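Okay, so here's the structure we're looking at.
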Amino acid sequence: MKVGIVNDSALAVAALRRAIALDPAFEIVWVAGDGEQAVQLAASHTPDVILMDLLMPVMDGVEATRRIMAATPCPIVVVTTDLGRNATQVFDAMGHGAIDAVDTPTLTESDAKLTAGPLLRKMRNIGRLVAGRAAPRPAITEMPGTLAASRLVAIGASAGGPAALAKLLGALPADFCAAVVAVQHVDEAFAPGMADWLDSQCALPVRVAAPGETPQAGTVLIAGTNNHLRLLGSNRMAYTEQPSEYLYRPSIDVFFESVVEYWRGQAIGVLLTGMGRDGASGLKAMRDHGCLTIAQDQATSAVYGMPKAAAAMGAASEILPLTAIAPRLVQACCSVRPPPG
């Protein structure tokens, strides 16, 4: 797996080299000292993954991500020394198509393997994604529903998702009459900051879903751990380690499939921009179950992977530009009465 590094710090580059050397499957093919050089190298020697710093001279990582994803798209992981302090820039980069974010590994010998672990796990997942070796989806088992009838909008997003979620959720009215639950591929250390950022962009309250919480109309819940978020028959949200075979944690497919299993009110599935196929089979299960299902169109997707997979398998009953999704949700959820409980 060919790796490009974009970082102006010699110490950070040395730490990344040491971390990557722990896995012989990875090969560093170039190192860029700023975003402008990275854009040029990505165009001439496109790697399998780029490890992108944020704060650099000449051109920062956000602009470099935007240009690379527009010209020669490939998986980009933001690697920076302080995710929390650089949260705004991380969200901007993910809005332009960066697939994930992680702290820079340390160079200290005693901590090298420990701090390299999160980065290497993300890179291995990307390698499986690029190779098309995502784990097969287990069959859905129909189970008796116990949730009270209500309206639920289930949303999945990956690369480019934070910006897409901000636009979609920001266009929903404060009195939106359905519960909203979103699964965005992001590390658990970063989820609370993303929820706070989305909350500042929307009229609806946004927060990380807590174990045992019940989805409520007019509130947005965001998956907040590296386990799967799902509905259970107790009318509450839960985080579970199983199923273990899914490439992504949290998995959009797992959440969508739990909606099929347990939600007996009106449900709508929405699959936004993202790399790979996560969410496509779950969206198909929702459509087969009689739910309205929406996939973001190619023109407005930062990365047209997950919505493309959904469209190809007939999972989306409607394919819409991002700006049309919120009005469609309002029309579908708020212009009709919910089914009787």
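Cβ coordinates come from backbone N, Cα and C, glycine included.
Annotated features, as they stand in Swiss-Prot:
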- 2-119: domain 'Response regulatory' (DOMAIN)
- D53: 4-aspartylphosphate (MOD_RES)
- 146-331: domain 'CheB-type methylesterase' (DOMAIN)
- S158: active site (ACT_SITE)
- H185: active site (ACT_SITE)
- D278: active site (ACT_SITE)
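Assigned with DSSP, the residues of the domain 'Response regulatory' (2-119) fall into helix, strand and coil as follows: 49 helix, 24 strand, 45 coil. Per-residue confidence over the domain 'CheB-type methylesterase' (146-331) averages out at a pLDDT of 91. Secondary structure at S158 (active site), as computed by DSSP, is coil.
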